[in-house]
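Following: one structure in structure tokens, then a few remarks.
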């Protein structure tokens, strides 16, 4: 069992260069959308628009200026699968294709996935989509293959400004806290961490330092597990229908997760002496 | 002493403890335990690695080119380079597609004077033809001495443009060949 | 910097984490601005007004680094009595005269009056006459040493450089900066204060620039102005100081050093020129050699260069083949050459990894290409230049018809970096070797292969010629084939030259023994050494030791100069003029900023870098009166390439358009020159006259908007290396124009609307990106709108779009003939 590993994405130093997007595609051999022949989105410098089955890193651009330019910021943030500790996708996956690895990351096994889309509806962050070339659900694997070989994930290696940092979660949390304090001391009072502790889905293994409220970046401030957020919208699509059928299972898994968490606590108390 | 340990710390504690805790769930048909599914095949595991330099801007980032069976399979930043420590920009990160790209030309294309389409031609033939044309133009336009008596030994009827993205070795032999022939209209991207 | 050199910006981010402050001055709020502590907008093309304001601030508030300025710059030097400044002549310097024919200029300068005042009478013409009689080159140079310049170390004499500079910039007040640049006065003063606070013995500031400064009709003066400021602040030759050029191509530095450029031969020597006193080798050497300072060695560089060209045939008795070497006789720069092509004066052209069909005033260029008899394009993809004859907008519109275009076109496919071994020189002069990883596909070949194979064919074609004009080419050495049995066996490609043989020639060797030269100190002017590029001499000091292939970085706790990684010319120095990192006595200015220093015990310069100074020359060494070379400098003169060993605040020789930077307006400007109303533009700027190269008038109501052009992180140049790559094409798929919400509202333009942008040269269409990152500025009470367009697009490839450079004009800086795509006048309207 390796140490839990993940990403700390410090958006305060993101320069929006998109090296992470390309390095990810290059390593994981993901195609460009429509062979690269796409239209200008008109959303600042963002033309990949969202995470998808072939877009596992996505840089958001938020232009935030007062009309008289007395204040102005151009926020950038490299989005990615959060590798949630309580991973909704993993909970709802009926085939067991989605697994938690020895690095505490969440990976979809491509040869097991049957493309049922349950995970797509379940993910509170909109991370997962079907890769049209394989008809399976895809998302960031946190470069599982590179991790096993002791290498840094492609995006983190490419990132020129250390906006994407990779490492053991415990270390990243400490670094994030120090950076937060540094920014607060420098008067950037709006800076905050997102997903660094258990308050969001038990903790995000890809967590963030943001310069404003999560909503500013299109992140839910209080994301929910599918058992809580799926029901109202589930019947709207074929994928939803499939997911709806799985609701019972979801509920069951929720109970299991709760039990697991409880056992962990018990185990923790007991294991400390060792 | 009892200390609250989070799930994360629990995972860190080690395989034995995890086995005990999560093993109980196995019977339920879904294994939520952290696990190593299988050894992932690293696609550069058996690759030969060649240190290289990014061909885009002038920062000079170090790259590593991975080759399997004579084919380039991956290009990424060289962590050892003190310039980029493994980092790249999106262009540098895309260098693989500069090499492996279905749009890439692999044959010489030729268009006759007044022609309306490309023809694929033999490389040797094209080289011979270019050499003939250089000689013809040079010989027809060469100036040894200007009307004012100044020696120039040049032709201004041939123009060569390029070099800033091409190796120093090329720049050297190309400017030498041009100047050796008396071709003085030599330029590259540095002025544009 | 974050936009176009993200990985270089890595180190800015690192510095910021350690408390450094970042100021970004730019017409547009870019990805760099987003990271800056202070973003400062200004009108495109007004950098000299801005920098001049900073210079004035530092002088008037006594914020300059006095010890540095007095000892290391020419501040104390007295200029000739007949020099007249722009302050005296309302906007021009003394020496302005009408230009001769064929220079594409109205005026040029004679720099005679810009010279130092000498302590004794000095007749350069007479000295030259005497020198021509000398037996050796060394003796010739000796006779050209002028008497020392007059100085006033108190800087009080009214004709000292310092006082001239003070008077010259006296008009550049914060108020004037605001009126010209549109930068609010308070913001400007904040920059000045931050800069002053961050310079001195214990702190340094660096300036970083790219095309935003160079692409102007006063581009060189923009950089010179920054150099002047940095010298005043004591920021040159010191760690964390300097002026960093963010160059844009993998070996644009190398291609300038080993120059595929018309005006210069190897190592920054001037190209022999029929317009100058270059008739014989002795004339050339007399004209080009500065007798004091390191350039006094030019005869050795030049003779060794000629030996590298003509080998054994280059002998003292035939001036080492100097007569065979071509001479230039005009402006053959990029725009001048396309001007000649448009007139039908050029018959054949090579384009290696270049895409002129999308370059400045591109429509005119595409029409000019149709005048060629033949054209060779060598590239990875079928770029616009290769396809101009059937795909260009002029063909689409019917103005050009393929069946009427005579040009014979060759498109050779190229090998890419991973398929070639060779070297690039990066923007910090670092030569790095890249290995060949795999064979290129099909008939793709390296450019080195192409030129080598072309040369071999031409050698054959000329082998039997007996014409005198072909003698030089017949004597041109061409020995790059691998030795028998040495050709690599793991490749299917045949006919590649041996890269190490090319390096042997570049580095140089002794002509009798063939022994490689250890460095340019070994060069001789008698033909006993051959060396193509004196500045690269030492990169390959012995067989089996090729320093550009070194890959030994410093460990994390070491100085970080990384002398074991690659090879930085000259002599592996990482910071030029680093003697200035120590005080006049040779001690570091401060512990924090130490780099090299004088070790009195060892009696030599030591430190973290290779000293850019004679290794054992003590700080208290006096200058030798009448000596040549570095002996003419004392031990306190760090700028060894300069004749007087000092950093030049005032530039007596080397610049065509004045010894000091002066604010002029771009050739197309919405406003008159407020500083010097009589001189709107750089008086000696170049303009290449053509009916399709018209300029808008000052404040032209038809073209009221300022356009600036630029590059994006996601693309490279004209797109030949990016718009064909799906991963990059999808990141920035279409051409856009960045428009402020204010201008958009005025013109009824919404985000993503199609917009027509027209200049006096052409009209293009782009999608609107309405963004608050652009903003109107108030220029002397008038609202001026600026728009921005990236220029990557063209009509071939995956991501296609109109050619922004269609809007551009053929106007140029008089020193280096770079264009002015950073400030144009256009009109913007919604396309229906």
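Note that Cβ sites are derived from N, Cα and C of the backbone, with glycine treated the same way.
What TrEMBL says about this one:
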BINDING   A:14, A:17, A:20, A:159  [4Fe-4S] cluster 1 binding site
BINDING   A:24, A:140, A:143, A:155  [4Fe-4S] cluster 2 binding site
BINDING   A:81, A:84, A:89, A:123  [4Fe-4S] cluster 3 binding site
DOMAIN    A:5-35  domain '4Fe-4S ferredoxin-type'
DOMAIN    A:72-103  domain '4Fe-4S ferredoxin-type'
DOMAIN    A:104-133  domain '4Fe-4S ferredoxin-type'
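Closest in space to residue A:155 ([4Fe-4S] cluster 2 binding site), of the binding-site residues given as A:81, A:84, A:89, A:123, is A:81, taking the CA atom of each residue.
If you average pLDDT over the domain '4Fe-4S ferredoxin-type' (A:104-133) in this model, you get 95. In this entry, nothing among the binding-site residues A:14, A:89, A:155 has a C-beta under 8 A from a C-beta of chain B. What surrounds the [4Fe-4S] cluster 2 site, by Cβ distance within 8 Å of the Cβ centroid and not counting A:24, A:140, A:143, A:155, is the set A:20, A:23, A:27, A:28, A:56, A:57, A:80, A:141, A:142, A:153, A:154, A:156 from the same chain. Note: the [4Fe-4S] cluster 3 site is recorded as A:81, A:84, A:89, A:123; in the same chain, A:82, A:83, A:87, A:88, A:90, A:106, A:119, A:122, A:124, A:125, A:127, A:128, A:139 also have Cβ atoms within 8 Å of that site's Cβ centroid.
Sparsest Cβ environment among the binding-site residues A:24, A:84, A:123, A:155, A:159 (other Cβ atoms counted within 10 Å): A:123. Chain C comes within the C-beta cut-off of under 8 angstroms for the following of the binding-site residues A:17, A:24, A:84, A:140, A:159: A:17. Between the binding-site residues A:14, A:17, A:20, A:81, A:89, A:17 has the most other Cβ atoms inside 10 Å of its own Cβ, all protein chains included. Sequence-distant neighbours of residue A:140 ([4Fe-4S] cluster 2 binding site) (same chain, 6+ apart, CB under 8 A from its CB) are A:24, A:56, A:57, A:80, A:81, A:83, A:127, A:206.
Reduced to three states, the DSSP call for residue A:20 ([4Fe-4S] cluster 1 binding site) is helix. When the Cα atoms are compared, residue A:14 ([4Fe-4S] cluster 1 binding site) and residue A:143 ([4Fe-4S] cluster 2 binding site) turn out to be 21 Å apart. Rounded to a whole value, the Cα-Cα separation of residue A:89 ([4Fe-4S] cluster 3 binding site) and residue A:20 ([4Fe-4S] cluster 1 binding site) is 23 Å.
Within the same chain, residues at least six positions away from residue A:143 ([4Fe-4S] cluster 2 binding site) with a Cβ under 8 Å of its Cβ are A:27, A:28, A:151, A:152, A:153, A:154, A:155.
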